[in-house]
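See structure below.
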Amino acid sequence: MGFEDLLDKVGGFGPFQLRNLVLMALPRMLLPMHFLLPVFMAAVPAHHCALPGAPANLSHQDLWLEAHLPRETDGSFSSCLRFAYPQTVPNVTLGTEVSNSGEPEGEPLTVPCSQGWEYDRSEFSSTIATEWDLVCQQRGLNKITSTCFFIGVLVGAVVYGYLSDRFGRRRLLLVAYVSSLVLGLMSAASINYIMFVVTRTLTGSALAGFTIIVLPLELEWLDVEHRTVAGVISTVFWSGGVLLLALVGYLIRSWRWLLLAATLPCVPGIISIWWVPESARWLLTQGRVEEAKKYLLSCAKLNGRPVGEGSLSQEALNNVVTMERALQRPSYLDLFRTSQLRHISLCCMMVWFGVNFSYYGLTLDVSGLGLNVYQTQLLFGAVELPSKIMVYFLVRRLGRRLTEAGMLLGAALTFGTSLLVSLETKSWITALVVVGKAFSEAAFTTAYLFTSELYPTVLRQTGLGLTALMGRLGASLAPLAALLDGVWLLLPKVAYGGIALVAACTALLLPETKKAQLPETIQDVERKSTQEEDV
């Protein structure tokens, strides 16, 4: 008797599993609230050099700015430069300082802002950019905060993956909640930029526990038949978190209070641990038979299955322990031991890198649109659910490979088309970004389904772990790619679209899994590859 047989006895899908899905909804909603938090927390409002002695009379302020600030090519005042010598404004006297005496002949001399900046506070009362002046020459420091956060997620995923196998999913979920709460509070209370970057990076490592632990806690209590459906349902909670972030961001305009609001839900999460079941499969692999039996009986009772303690005899449970321990624990090296597994792994790594790079590149940069940041975030969240529904129908009709390649190609084309559209046509830019968001979200959803079906059962979790690591690498580099606009304004879009195009072509190299029986062993993968070559 294997564990699947035990699960069949106590119920592989019922009220017990549904309660578990609801309990796991909180960490799934917390993730996008933190992952996408820089959209609000690190936003850069309109700004210009601080000009001491500005007139109190509002009617004179534009003239004062005209005298002190150069204009950009689009007619707006410069955000990063000021005149070395104030320029004389015809027919207006703004004070004794407004004079060009001492300035050399020729073009007016400009210098960087030396006394700080003044910010437009109409949309945000404070962000990390306004608090620590992360603008102009320091704008790279603003982007680095997101990169460090995702590097923390990457490192944390490796650590939590090891620790959860050693100490259990439930215990490490509690650690993730507590550490995310403590580090989130410390981030909100940061007294300087360095403290913020360090605590934010550690927060990313703590939150990585949710990405690693939640899925096994769900899947290891579900029968095979309902795992895909439950997986799709659980992704809806991510979209819910995106929408919730838009609402919370609109209501809270200070980055410290916003970060606090995104962190405090960890408190009910800590309380919910009381009802979260440990993975009975993991308990059996550790030889903790009595604890596993307690959870299995609880599952049977809640699911209405007439299973007594005699049905889960000590002998039957010990047999499962023997079988589970006999299974060889896979490593990342196993993903490259055969030619077909190497092919699948390398292609999936590129696809996941491209999916994450384009998704976060698009999601974290909402500038230049015809909507404010709150409307944009709300629209981004609203478009995710239709994207998931679209994927459901496309993978059934076109298959996984063509759907994945098509969605990535669609994202690449929207980036490419935006290069041809004038930046002044805000409505067209907004429409293209929303369409690109839909394609990138659909590519994300398809990637989870496609990858899980490509790997054999014995390597499925390991394969997903490797590809997810590459995805997080793409997510960490996406904010830095936005800095390429210093070389050429449109270069970030070229980078995002180019990587998406390469990932789309790579997806076409993967085998189709539509209506195919899921491989159980490495031999199944190699056998299927041989059969396809013969055909």
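Just so it is clear, glycine is given a Cβ too, placed from its N, Cα and C backbone atoms.
Quick look at what Swiss-Prot lists:
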TRANSMEM  21-41  transmembrane segment
TRANSMEM  144-164  transmembrane segment
TRANSMEM  178-198  transmembrane segment
TRANSMEM  202-222  transmembrane segment
TRANSMEM  232-252  transmembrane segment
TRANSMEM  257-277  transmembrane segment
TRANSMEM  344-364  transmembrane segment
TRANSMEM  375-395  transmembrane segment
TRANSMEM  402-422  transmembrane segment
TRANSMEM  429-449  transmembrane segment
TRANSMEM  464-484  transmembrane segment
TRANSMEM  489-509  transmembrane segment
Long-range Cβ neighbours of the transmembrane segment (21-41) (under 8 Å; 6 or more residues past either end): 124, 127-128, 145-146, 149, 153, 173, 176-177, 180, 184, 203-204, 207, 210-211, 214, 217-218, 230, 233-234, 237-238, 240-242, 244-245, 248-249, 255, 258-259, 262, 265-266, 268-269, 272, 275-276, 360, 363-364, 366, 373, 377, 475, 479
The transmembrane segment (375-395) versus listed stretches 144-164, 402-422, 429-449, 464-484: most Cβ pairs under 8 Å: 429-449
Cβ-based contact of the transmembrane segment (429-449) with the transmembrane segment (257-277), 3 or more pairs under 8 Å: no
Candidates 144-164, 232-252, 344-364, 402-422; stretch with most C-beta pairs under 8 Å toward the transmembrane segment (489-509): 402-422
Region pair the transmembrane segment (344-364) / the transmembrane segment (257-277), three or more CB pairs under 8 Å: no
Chain residues outside the transmembrane segment (464-484) and at least six past its termini with a C-beta under 8 angstroms from it: 35, 38, 139-140, 143-144, 146-147, 149-151, 153-154, 157-158, 161, 211-212, 332, 335, 345, 348-361, 364-365, 447-448, 451-452, 455, 491-492, 495-496, 499
